[in-house]
Amino acid sequence: MLIAGLLCSNVVVLGLSAYSLVQSRQQYQLRAEALTQNTANALDQSVSGSIEKIELALRTVGDELQRQLAAGKGIDELAMNAFLLRQERRLPEVEAFRVANADGRVILGKGVSKREVASWADRDYFIYLRQHADPAVQISKPRMGRVAKQYIVGFALRYNYPDGRFAGVVSAPISLDHFTRLLSRYDVGAQGAISLRDTELGLITRAPLILDQPAGQIGNTLVSPEFRRLVESGVPADTFHTPASGDGFDRFVTFRRLARAPMYAIVGVASAEALADWYDEVYKTSFMAGGFLLLSLILGGVLLRQLARNDSKQRLLAEREAQLSSLVEAVPDAIIFKDGGGRWLVANNVCLRIFGLADKPWQGRTDAELGISALNACQRSDEEAWASGSPLQRSEEWLDYVDGRRIDIDVTKVPLFDGEGRRQAMLVVGRDISERKRNEAELEQHRRHLEELVAQRTAALLETEAKATHILNSSAAGLYGIDDAGCITFINSAACATLGYEPADVIGQSAHTLFHHHRPDGSPYPAEACPSYSALHLGQKIRVDNEVYWHADGHAVPVIYATHPMFLNDRVSGAVTSFVDVSEQRAATQAREKALAAAENLARVRSEFLANMSHEIRTPLHGVLGFAQIGFRNFDNSEKAREAFAKILASGQRLLGVINDVLDFSKIEAGKLGIEQATVTLSEVLGHAVELVRDRAEAKGIDLRLEVADDFPRYCVSDPLRMGQVLLNLLSNAVKFTESGSVRLTASLDADELVFRVIDTGIGMNNEQLAELFTPFQQADASASRRFGGTGLGLAISKRILELMNGSVSVHSQLAIGTTVEVRLPYVASSFVAPSLPLPALTDETKPLAGLSFLIAEDDLINRMVIEDNLLEDGARVVMAVNGREAVERIVQDGRDAYDIVLMDIQMPEMDGYEATRRILELAPDLPIIAQTAHAFNEERDKCLAAGMVDHVAKPIRIEDLIRVVRQYVQPK
């Protein structure tokens, strides 16, 4: 009996130790699994939250691009780059926001260079977005960025033209380092691992990094078979144990498909680390059980050797029983040890108290004998445990007492068999879980009650909202509300009808961006300048009656609106705006204004035509005169070449005078052309007019002669420029329409009149042609216009100039014989002898612009070459820009103190001189800017000064005049 008791005690100790270790391992494993599950959930929330912000920013950028395209002016690159930079500052995890056009060329964003073109045309996401009008953000697999030059995960969104066509792609790449840092925030032990993989199980990143191993390479698919099998089954999340992860570690793993991205978050805790404390517990328990077993063996041996000494044997047995009893009683759970027949051998006080056997005999009796079956004890469960052959079975059972009480028990049964498979013993461990069950029931009751309350509150809110919606939609005025960020929270049907939107199109959108984005004149309306935003931020009511809202189809709707802020807890939580359409009231006023504008526009047409002609003629003329000046100043070895350059200069200046006279045609029409009264050297006027057409006459083999009567005076009082202009026009026409023979200019004095005759042997004219000769924009023969060219203004201008000079012109002509044009001007004698005009000379200073730094904005290549050479010759430093935008970028790049003065052309592509001036002055308010323009009108000069320029020079520019103007504002260094 003593040996049997000793054996039973060892079996109980070993069984309890095994049970305790199994239970403990389950707890450690559950704790490790809970850690991986919580970490995976947190990682999902962190990554998904980051992605949600990125998607919102992408849609904001896409909306801004589509808004600019809808405005019809294209994309403002400077403003858009600044907009992208603001988005980047809000989202530091984004490497950069970049934009590509419909061809795939990257045009906007950090690191984008016009000299080094990057293209996304071959990227999968670009091809997909170009072929599919998919509004969703596309998330790509890790790749090496062509602009970022590092591994990134790409987020891309399509943006469209107003008609829905594909306009390009907005991209927000995120460096893999950002995701690595997110993963590194979570502690999963030294041998644990957290990773992100795409839907094809390719590695995106992991922590810790193991770049020197295959399992750590980006894109690898080395995963455990258990993980691959679960993913292929379609399970979105699960927890499992794998003995061999991709990097070879035994781990407890939880994976979860992310809510907002095609990625899996995988969190693994190393089994060795998760069960480290359990292994320590195993060692300790094994040591104790082994010690107990060893002690039992020793004691058993002693007992066998001292069978004769019964007293000692009984004492030792009592000690064993006491130890076993202490061990059993130390366990807080109910413990029963039965023999193979189901008879109770050992039970602790917890068990006896549960079954009410504390003061009753129980040892050696079965469940039926103890009356436990009457309490719904699971006697059949014992049989199932024996029959199963399983080493451990666990179930939840209960006991119903006679007094109505009920307890729930978590029961673990461990059947023991001998070597031949016969029933030997049954260890039963039960834990009272009644309190846990009651708590679970109470929680379920609270949950149901909470659901009922939520349902009641929801119904009440829906009823209130229905009433408010009915009131809003019954109003004839437009009504909408915005939150504290300016986004629309509600809108009534009258507002939707006026603005052309559906409620679903506007809820959640910025009211200002949607229909208040431009002023009535079409200029952009910054949100910070909007009165509604002022009312929102300052908490003040406002009323505005001179602005417009913009209909969904793009037309302006004149409105009167009032905004009333709403308060919550003493702070502004939003605002309500009411408005009415006043289009009909303003239609009559606009009709009157349009009629007046049309009349004024008719008056501008002729002047604009002349201004454009001035630009088209002066620009190439500037090149001619500029190169002439360069040759004149630098070619000093040949007197003949110097004389030729002098003629070019003189001719160019004369041609400039003629052009100015042509531009004065509008002044003639308005009666505003003035005639100068100055001393005229007649020989110079005549000789110069003849010399200007000599090359053309000689090229055609025409005999060109000047014949001056002996009594013709040398000087008179008149307008030399107008006189020369008339004679040059007549000689030019004569040479143009004469194929062979001669052209003569005669000058004589007839009483008190100067008489000039231009006689040619040209094609001649008939009477019908003579009748139209002096009509503006008309020529005698349309075929002659096609053959010889010309505008038909020359003779009309000459006739009107002669009339202003109190002179006259007459024409005699015969077809195929020739034409004689006679000009008569009053002769006013003069005793003053005018000196001959010297050739243009350089300033006495060798380098009058020495040390000055010029920034030149000029789109014409020839003009850039002329002005650069002249300024360099005079000692200046020169930087060239081909348009206004490039000039602004040079100021930004080189700094506000890099230049002493700016020469700014007016008509340039991309950005004109007015806009460039305004932007430069914002950067460098004290930098003097001088306009250089081909328009010679005072109106042009006034516009330049109004734009902030300090002075104005007209093309073609004489370098002496430019030096004089420049030195009014800066001095050479």
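Each residue, glycine too, has its Cβ placed from N, Cα and C.
Copied from TrEMBL, the annotated features are:
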COILED    436-463  coiled coil
DOMAIN    320-366  domain 'PAS'
DOMAIN    393-445  domain 'PAC'
DOMAIN    464-521  domain 'PAS'
DOMAIN    612-829  domain 'Histidine kinase'
DOMAIN    853-970  domain 'Response regulatory'
MOD_RES   Asp905  4-aspartylphosphate
Per DSSP, the residue listed as '4-aspartylphosphate' is which: helix, strand or coil?
strand
Model confidence over the domain 'Histidine kinase' (612-829), averaged pLDDT:
80
DSSP-derived helix, strand and coil totals, residue by residue, for the domain 'PAS' (464-521)
27 helix, 13 strand, 18 coil
Report the same-chain neighbours of the residue listed as '4-aspartylphosphate': residues 6+ apart in sequence with Cβ closer than 8 Å to its Cβ, ordered by sequence.
Ala857, Glu858, Asp859, Asp860, Asn863, Gly913, Ala931, Gln932, Thr933
Counts of helix, strand and coil residues, the domain 'Response regulatory' (853-970), according to DSSP:
52 helix, 24 strand, 42 coil
Could you give me three numbers for the domain 'PAS' (320-366), the DSSP helix, strand and coil residue counts?
18 helix, 10 strand, 19 coil
DSSP-assigned states of the domain 'PAC' (393-445) in counts, ordered helix, strand, coil:
12 helix, 30 strand, 11 coil
